[in-house]
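S.K.: In case it helps, TrEMBL gives these features for our protein:
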{"type": "COMPBIAS", "residues": "254-267", "note": "compositional bias 'Polar residues'"}
{"type": "REGION", "residues": "238-281", "note": "region 'Disordered'"}
{"type": "TRANSMEM", "residues": "17-34", "note": "transmembrane segment"}
{"type": "TRANSMEM", "residues": "55-76", "note": "transmembrane segment"}
{"type": "TRANSMEM", "residues": "96-129", "note": "transmembrane segment"}
{"type": "TRANSMEM", "residues": "141-161", "note": "transmembrane segment"}
{"type": "TRANSMEM", "residues": "173-192", "note": "transmembrane segment"}
Amino acid sequence: MSTPAEYYRSLPPVSKAYGVACLMTTAAFYLQFYDAWNIALDYGSVFKRLQVWRLITNFFFLGPFSFPFAIRLIIIAKYGVSLERGPFDNRTADYVWMFIFGALSLLVIAAVPFFWYPFMGISLVFMLVYVWSREFPNARINIYGVVSLKGFYLPWALLALDLIFGDPIKPDIVGMIAGHLYYFLTVLHPLAGGKFRFKTPLWVHKIVAYWGEGTQINAPVQSNPSAGIVFKGRSHRLGGTQTTTRRTAEQTEGNDSASCPQPQNQGDGIAFRGKSYRLDG
């Protein structure tokens, strides 16, 4: 069995980064480093007080340490990783774009007062569940060792469990809406004969290339091997001056040798042109 460190290193980059960010955000809240309402989504504070960080930070708080928080973190570790290793394998930029599109969609939906929720990270996690259920509709899953059903029904099963446990179901429904919108634009609409216009933007490819993690097939930009460190200039090998001098000397010696006629063999592969005379002729 692998150690926790080996398991952590084996996780794909996007799911690992998002899961760790959510875990650290909740841990900081548990240690009372900040007030959760300072990172909540509040459009009044965003536009009137220019607290624009709320548009991003609300996606990283999945609630305090509790059983629902553990379930959401497991969802990222199981279904988010399954997506990144399955349909999004070698498509890191596309997977990042799915997260970004989901976040933007949720921000737009949350502008409607009825769908507003202070922390949309719960909806983003549920969006992952919905996309996974559409990508793996026939996968067999087991819920708490009691119910076994197909993957297509997983979002509805989790929605029913939240209803039974008394947790809010509005974030779940909003996440399903965002997930269906993404799946429709990327899969259902092209399959129905529509043009695929929902491509990953170039700036997302540049961000992933600058990040230096993951891979992207047919990426329009090359990944940065320096992982964020840009170096422009001419490269020189250590001892390159001596090597160049040595090569120049060898070339000069070769040219001198070529200028002096030397006896050659008939069998050395060099053609000889001219008349031939026999010595006793």
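Keep in mind that glycine also has a Cβ here, set from the backbone N, Cα and C atoms.
Predicted automatically and left uncurated, TrEMBL annotations should be read as such.
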S.K.: Do at least three C-beta pairs under 8 angstroms join the transmembrane segment (173-192) to the transmembrane segment (96-129), pairs 6 or more apart in sequence?
M.R.: yes
S.K.: Please give the sequence-distant neighbours of the transmembrane segment (96-129): residues at least 6 beyond its ends with Cβ less than 8 Å from one of its Cβ atoms.
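M.R.: For the transmembrane segment (96-129), the far contacts come to 14, 18, 22, 36-37, 40-43, 55-56, 58-63, 72, 75-76, 79-80, 83, 88, 154-155, 158, 168, 170-172, 174-179, 181-182, 200-201, 204, 207-208.
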